[in-house]
Amino acid sequence: MEAIRHDWTLEEIEDLLNTPLLELVHRAQTVHRDYQPANAIQLATLLSVKTGGCSENCAYCPQSAHYNTEVDPQSTLPIETVLEQAERAKAAGASRFCMGWAWREIRDGAQFDAMLEMVQGVRQLGLEACVTAGMLSDRQAERLAEAGLTAYNHNLDTSPEFYGEIISTRTYADRLATLERVRQAGISVCCGGIIGMGEGQRDRAGLLQVLATLNPHPESVPINALVPVEGTPLGDRDRLDPLDLVRMCAVARILMPKARVRLSAGRTALSREAQVLCFLAGANSIFYGDTLLTTANPVCEADRQLLADIGAEALEVVTA
């Protein structure tokens, strides 16, 4: 069994990314079986509670107010609607319900109070609850923990070196500080990134190094493939080679054996076979539902059929 480490070097991670694919997947699957249930995939449903109008300028994001896309700003969904969606997600087989707000940061007031009620309601349904809503204060993190929040998502997106090519309205240090506030409050960290934005292999290694040297490692690591959206600065990027996604999943599994590696945005561009390769490489969580915030996702029926065809089952979680 490979030991869990927090001292991975950039060179070691680059070497892993450049390992022959079959050898890499074999090693990742070996690590996976040492630390994870062999044939269980967590189903997580993601709902956009507040869509569009975000003041950040993330180059990939159609929700940014800086770009002219087909995503129009919408009002925040009411608590009742969100909890109804959570009930449907549970009935469909999801064990985690993730809620997203297109905000730069959380602000105190009625909308934050509503968020806390949503978290409490989701947990009362027996689901894990995850929130992604930008930066937050120490006290806000504490209140989310008191409400029962399972995990807070705050992605790093890419390496520190490439980050400035993607966003200028928030620093890398801001993101790391948010992760530390979440961790100090006793909330699990959900943190990953996006590939296919024009970054090099060293940038992918750099992202993974930052994640893998966090102590403890993130509880879950979303690996996203860029979904090019017309109107954003990255709208004309070519689609990612699916094998690059397999490599990222495999290396993430080797570096962070206990994390849930979540195969996230971009799955609609993957064949069934490519998705299975990602599972073989150590991915053990997917977003489950027809939409990911504002981009398409495979329908639930297709995912259920895929899991059945490969003999996998939905991961069951125990919630307090």
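Here the Cβ of each residue, glycine as well, is placed from N, Cα and C on the backbone.
Per Swiss-Prot, the [2Fe-2S] cluster site holds C130, C190, R262; the candidate it also names there, chosen from C98, C278, C300, is C98. Sorted by the number of other CB atoms within 10 A, the binding-site residues C58, C98 start with C58, the lowest.
Sparsest Cβ environment among the binding-site residues C54, C190 (other Cβ atoms counted within 10 Å): C54. Same-chain neighbours of the [4Fe-4S] cluster site beyond C54, C58, C61, judged by a C-beta within 8 angstroms of the site's C-beta center, are, in sequence order, E56, N57, Y60, P62, Q63, S64, H66, A102, I167. Close to the recorded [2Fe-2S] cluster site, the chain also has A44, L46, R96, T132, A151, N153, S220, P222: residues not among C98, C130, C190, R262 whose Cβ is within 8 Å of the site's Cβ mean position.
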